[in-house]
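TrEMBL annotations:
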type	residues	note
DOMAIN	132-347	domain 'Peptidase S8/S53'
ACT_SITE	Asp141	active site, charge relay system
ACT_SITE	His161	active site, charge relay system
ACT_SITE	Ser329	active site, charge relay system
Amino acid sequence: MADTEATLTPKVIPGQWIVRLKAFASEGTKTNHLSSVRGRNADATPFNAEVHHEYNLDEARASSASFDDATKEQLEQLAEVASVEPVFLYKHSAISSVTNPEVPWGLARVSNYGKVPATGPYTYKYNDAAAGQGVVVYVLDTGINDKHVQFECRSAKGPGHGTHCAGTIGSKDYGVAKKVDIIGIKVFNDLPDGDDRAGATNADIMAAIEYVVQEYKSHGKPSVINLSLGGPPFEPMDATISAAVRAGVIVVCAAGNASPPTFQARDADTTSPARTPLAITVAASDVEDKIATFSYYGKLIDIIAPGVQVTSTWIGPNNTETNTISGTSMACLHDAGIAATILSNPKVVNKSPFEVASELLILADKNRITGLGGRKQGTIDAVSHVSLQV
Ligand SMILES: [Ca+2]
């Protein structure tokens, strides 16, 4: 399956661009910029740009648009423009897939200090009074199969990978936070993972993040964004995530996975969104408490969570299907769920993203992970843990 190996060769969408304005450009600067772009369209010069989307978060003002290379050169000359970069695809951070309907070991691991047995049956201990009630987790993915019986009508929309994600965050049997509200936002196209045109564009991911910030500002419920995806480093996306976190939304993302053809794990500073410091970046471990061979690593990892052979909900005709897959995608879902449990815990008074991130670390099971020598040295040794104390 293709995934964050796209960091090497991003799949670019020809003729589509993200025009980023200089840091902290004002709303007025953006308005003037877009009206000047539209004005140039109207005059007799061969300038031609069609604006598709405007991004308005304070530190991440930008637009996505279609135009040709000559127009790109003209736009790059404008004083207010920081960069003009291509629209390209991000990929799922999941790597392998086998059908195996078992109770997930990951839930047992995050509710236990210390290693769990190599084989089940497993139990998940959690506190029902802090199970994510009143918290919204937004899963930016393929959408969610909301008909799946595991969601008890707490989720909204779509298939496959997104359904698996939502399952680990909040489904009845496979989920960390069993009372959380889950909203799937479809950013991935419907092509199969093996297709090199499959993915989610940077333009759509940024728009979806900004949409969540607007939702959060209107409903005021504690909110978490789950990004089980990865791709090339991209400054405008990093800025969008930073703006979302500063606005009060927690952003949890996958560290990234080694994948074909090289199967070489890298430092998470080589990929977005994992390299964004204000995101909670999650690496993956296995049932032996060893860092997953595929997991990206390094100083930007905030925490480690189960990410090898994780069973969760899937799509299928019966709406009861499950699938067992691996990836830092799966690891980060545990932390989206744990963040939701912290946000719903009445004992935790201060719930800004920064305080939730530090609470995650306080709770974490430290100094358990093996395999953090060599290139992976410097990666935090802390396994996510869900608090039973309310
Ligand atoms: Ca971080």
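Just so you know, glycine gets a Cβ as well, placed from its N, Cα and C.
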Integer Å distance between the CA atoms belonging to Asp141 (active site, charge relay system) and His161 (active site, charge relay system): 7
Cα separation, Ser329 (active site, charge relay system) to Asp141 (active site, charge relay system) (Å, whole number): 11
Surrounding CB atoms that lie within 10 Å of the CB of Ser329 (active site, charge relay system), all protein chains: 33
The domain 'Peptidase S8/S53' (132-347) [mean pLDDT, rounded to integer]: 88
Per DSSP, three-state class assigned to Asp141 (active site, charge relay system): strand
Local Cβ density at Asp141 (active site, charge relay system) - other Cβ atoms counted within 10 Å: 28
For His161 (active site, charge relay system), the three-state class that DSSP assigns: helix
Other CB atoms within 10 A, centred on His161 (active site, charge relay system): 27
